[in-house]
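Visitor: This structure is in structure tokens; I'll ask about it shortly.
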Amino acid sequence: DLYRKVFVFRKDPSDAFVVLQAQLEQPLRNFTVCLRSYTDLSRPHSLFSYATKAQDNEILLFKPKPEEYRFYVGGKFVTFRVPEGRRDWEHVCASWESSTGIAEFWLNGKPWPRKGLQRGYTVGATAAILLGQEQDSFGGGFDLYNSFSGELTDVYLWDTGLSPEKMRAAFLSLRLPPALLAWNSLSYEVKGDVVVKPRLRE
């Protein structure tokens, strides 16, 4: 149980990563991914990478610079411009709906203007899901200068789009619906220099 714990990625740049195991019964036509990160990196870094054999950027949350997030579905992405962080924890949720192609992005409990992405697409179910690296091939092909360094916590993946109330609940660490990946019951494997530590503050 990772309640009130974090993954500390100690090195910069790093070859370390965490593999997440999710039981996906079928391809995803809707999903929401949420996580909380704390870093002083100004270079590009990957937060959440979900690759299939057909598409290495099937789902990707990527931060190319401090004032920008990129959200990929099926190899295409939309950009969300954000205020440069005040070197504090940042909570992000990104959701996507195949039928409308609507991509939602929430930062610290607030929604950004919605964008269009990959309408009618289906996300493959046989996936390699990694924290800390950006996959350029299934489960590998890392560029160390896209690696994450810092602290990650509260990682979730749902096979639905969350309601605004649940998006805010995720930010506030309140009760959440059952998830494919849930931080408090995460099935994971650490590869390399990543340490599990208690959170320093709420």
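For all residues, glycine too, the Cβ spot is worked out from N, Cα and C.
Look at TrEMBL and you will find 3-202 tagged as domain 'Pentraxin (PTX)'. Residues or ranges marked as disulfide bond by TrEMBL: Cys34-Cys93.
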Visitor: For Cys93 (disulfide bond), what residues in its own chain, 6 or more apart in sequence, show a Cβ-Cβ distance under 8 Å?
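Guide: Listed in sequence order: Thr32, Val33, Cys34, Glu104, Phe105, Trp106, Leu162, Met167, Ala170, Phe171.
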Visitor: Tell me, how many other CB atoms lie within 10 A of the CB of Cys34 (disulfide bond), whichever protein chain they belong to?
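Guide: Taking every protein chain into account, the count is 26.
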